[in-house]
Amino acid sequence: MYLKRLELQGFKSFADKVQLDFGPGITVIVGPNGSGKSNITDAVRWVLGEQSAKTLRGFKMEDVIFAGSDKRKAVSRAEVSLIFDNSDGMLPLDFNEVAATRRLFRSGESTYLINKTPCRLRDLQDLFLNTGLGKEAFSIIGQGNVTEILNSRPEERRGLIEEAAGVVKYRRRKKEAQRKLEETRNSLERINDLILELQSQLEPLKKQAEKASEYKKLEKELKELELELINYELRMLQEQLEEAAGEVEEWKNALAMRQAQAYQVREAGERARSELQKVDKQVSRLMEEVYELTNETERAEGAVSVTLERIKSLQEKLFRLQAERKELARKLEDLGAKFAQREEEHRHLQDQIAAKEQAVREQETELASLERELKEQESKEKQAKAELFDLLNEISHGRNEFTRQEQQLHGAVQRSLRLEENFKSLKGNKEKIIQKIKELEVRLKACKVDFGNLEGKRRELLRQREEEQQKLVGRQESLNKLKEEARQASSRLQVLQEMENSYEGYQGGVRAVLKACREKSICTGIYGVVAEILRVPTSYERAVEVALGGALQYIVTDTARHARQAIEFLKREKAGRATFLPLEVIKPRVLPPEAQKVLSWSGVLGAAADLVRCEEKFASVVKYLLGGVLVTSNLKVAQKVARALGYNLKVVTLEGDVINPGGSFTGGSYRKSGSSLLARLRQIRQLKEQLKYLNEEIEREEQLTKMQQEKLVQVTEQINQVEEEIREARLVIAGLQRDLEHFRQELEEIKESEGVLEVELEETREEINRLNSGKKELEAKLDQLKVREKNLTEIIDRCREKIENLQSKKEKKIGAITELRIELASLRQEETGLQHFLKDFYQTRDEYEKALARRQKELEDTENRMAEATEERSKLENRLRELKKVKSRKEAELELLRQEREKCAADLQRKEEEIKVAQRQIDEVKEKLHRAEINYARLEAERANREKTIHERFGLTLKEVLTKPSRIDDPDAASKKVERLKKSIKRLGTVNMAALEDYRRLKERYDFLSRQRNDLFQAENYLQQVIQKMDAIMSKRFETTFAAVSQAFCEIFRRLFGGGRAELQLANPENLLETGVEIVAQPPGKKLQHLNLLSGGEKALTVIALLFALLRVKPSPLVILDEIDASLDENNVERFAALLKEFADRTQFIVISHRQGTMEVADALYGVTMQETGVSQLMSVRLGEASSRAS
């Protein structure tokens, strides 16, 4: 497998789509700093799943998207693809070519693809697992990673060995198995809690089921007897219905006669009402006409007022326009006067400009003559200077030679003096060095004493650290214990809340109503069950639970209407039955007066209603349920109380024994159980309070633990400081030893130097004599050259005097011309200003004339509109007078019609009195008919009720019941038997009819959870075996790979450094699963030292040795090296390049480098440039071109 192609688009500086084609072997990427080479490395890391923006040299992940430049806009997404050749099937996909792609949009959305198919990050990481590739593998190393690998903790370096050993997938599987094991144990704990809870519910539910069975038998017998009674009563009702029907028919005939008489009276009344309505319509019509005339008169008056205002406004506008027209005429007159004055000024300026232009032309002619004469003198001067320059060169040459010989002479003299001084100095230094050696020997002895003291201080600090560590372990154990308690409480709370949320232990009907209320189907007016509204002290919990029994699940509602709605819901959904307690109708029960006396008895704890707490609005419900129940300390006291009260009240004990009204006793032992409804709700409240307390304790313990950690850190820092002082002391001792050796060698060298100095002093004296002779010859030659120099200088001075005179005249002439041109420019500027003024004048004059014309036009329009408004006002006033006349006439007609209406109304009133009399007679007959019908309806309703009862209670129709003959001879005896059966049912108390189904369902759930618990036990054992197996495989693989890598590291290190020693060591060999890895490196000629003390090149070579050791043991298909050779010298670069060439047969290398030696071994070169600011571009170079560039 190898990387065939890398495609980038919008990633960092690669704005355009870029494709890099790779082959097996070595590919080198070169380019100037800042061109974007390292962005290629970042792109590969990014595709392989890197999630740290900091690792990619950014602040946030969106920074990898091209952000734009001076000439380009930012792009909306970044996309990078790695295309691998998978012909060898190394990747677990049935494709010869595999493409891994990652996209990131500026919105933050990220996508991963394998062969253009979307996938998860986990899928992409699994694809490259154990291939040597990956964001954390050793296959991608940059210059910054060198320091990172060397400075990392031993535990972090372990990851390199694990990657080579191929144990990453096993560690991942182990973590997955540990996670599943933790989940299994949590599930097991929850199931144990559930089973315990179910066990507590099964026993009481079984008793309730037995009670329900007895209830069904009595209920069946009661229904049969009640059906016989209803049959008898229905036959009696039928006879009464026939008599009532005859009476109703008689009163209906009387009513028909009275209604016929009343009809004739109503007819006469309707005719009188019709006449009145006719007159009313005429009155209404005239009133509307008068109203319309009044409105129209008011509108006409308003129009007259508006017209008067309009005329007034037009007059004001007329006066304003006349004033504006007069002002514009005055302004035009002023402009004409100014224009004549400026015209005269313009003519005078033009004459002045012409005179100045003539003067400039004359001065320029004289300037040209002066420049010709000046040029001739400058030519003569130039020739003389050339001759002088040659002469000066010769003089300079001679002087330089003289100076050189003089310097040589001075140097020889100085050297002679210095040699003599050195000879004296050597003797002095020899004495100083002897003294220095003695001082160093004394200092070395003192340093060794200090070193011993530091070692003792270090041992004391290590002892203190051990004590602080033990204290920290104690704190952590306390903290873990608190966290475990909090976790157990949280788990228990979760189980109880899950049971409460699923209404575990509630009857079917109650559960259905509460769920519907929670889902907002029927939430109006429902407060919950009785168990939820009570707050019962723990000591009274069993007594109250026994006293209430099934009433704990009674549902409290606001009104009876809400209870009916809930019952209709249960019927509609066929969800079972439930008992409801409407607050508006429930009446509290109180102890009878005779029971008050026993409350003061010893062992009597009080009325049950007084021993519990609830909200004020639920007090009536609590007293209804518990107001007639007494609580005692034991059964003996309960019997005494019950006997005193004639066995008329229920008495319960703290142990749950009961003496029922009538004298029956209920009691016995209780199986240890989890919790009842009351206990469960109490436990939920207690667990919440406990969790709050535990969280506060955890926070306090964490603070104490943090303080203990800080103490440990302080001691550790002191140890580090002392160890640093020990290292410094070692270095000082080593330095003193080196200095001592150095001074001893220097003493030997001084002795050798004394003989050499004597020979050099004799040679220097001979050189001084030779240089003195040459100096005298050069002095004579220089005197002759100075005479020639003086003559040429005089010729040049004369030419310079003439040139300066002509130059002065020229400058004066130029000054005069300049002044004339300035004056000319000023006059022209003034002329331009006058021209602009004249242009502005013409424009202003045109604007004033146009404005004057507009004002004249507005004057004419205003005068016309004023004439129109005056005419309109006259018309409106005439119309107003006509409207007032018509209005007066209509008001007179309206008065006549109102008098006629009063007559019709009086006639109608007489007719209506006659109708009322007739209606009273009808009402009297109707009343009698109504009573007869009510009697009939009552009997009919009674029969319907019987029919409904038959249908609801017995599931029969009325016809089916009446077809059976009645066997009741004595209805009174049958009714008494019904009452006896009802009392027997009542003595059973509250019966949970859903208990039979609930018991069956709860038993099935208990059996299911028991089977599930067994399955979880087996899963726990299996996962523990898997973890043990993974640990064994990882230990074996790590140990084998570590040994191989350590041996290869030593060999390659010696090869790269040309000697030395290096090895890998285990920090804790006893714990192969967690031990860290130490690197020991000793370059040749150096003592063993800390890795941080190595030079940059030595660090790089050490990491390179480790990298190639890993590659030798576990070859990676692809390795990317980003400027890892930057700190190497040329010799080490050649060694590094040789290793690349050697390993290129098995591994594809992509190297980012500036070094010539690395480029020379490349099979292909890519150049990265930034011709456009902020945008990287690629240039591909084959091997031939690369060679030519390198040369």
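Backbone N, Cα and C define each Cβ position, glycine as well.
Automated prediction, rather than curation, is the source of TrEMBL annotations.
What TrEMBL says about this one:
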| type | residues | note |
| --- | --- | --- |
| BINDING | Pro32, Asn33, Gly34, Ser35, Gly36, Lys37, Ser38, Asn39 | ATP binding site |
| COILED | 167-394 | coiled coil |
| COILED | 423-499 | coiled coil |
| COILED | 677-949 | coiled coil |
| COILED | 992-1019 | coiled coil |
| DOMAIN | 524-642 | domain 'SMC hinge' |
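Feature annotations (TrEMBL) mapped to structure.
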residue : record           : Cβ within 10 Å
Pro32   : ATP binding site : 12
Asn33   : ATP binding site : 8
Gly34   : ATP binding site : 10
Ser35   : ATP binding site : 18
Gly36   : ATP binding site : 23
Lys37   : ATP binding site : 22
Ser38   : ATP binding site : 21
Asn39   : ATP binding site : 19
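In sequence order, Ser13, Gly31, Val1168, Met1170, Ser1176 are the residues of the same chain, not among Pro32, Asn33, Gly34, Ser35, Gly36, Lys37, Ser38, Asn39, whose CB sits within 8 A of the CB centroid for the ATP site.
Across the coiled coil (167-394), mean pLDDT in this model comes to 77.
Pro32 (ATP binding site) falls outside any helix or strand according to DSSP and counts as coil. Secondary structure by DSSP for the domain 'SMC hinge' (524-642): 64 helix, 20 strand, 35 coil.
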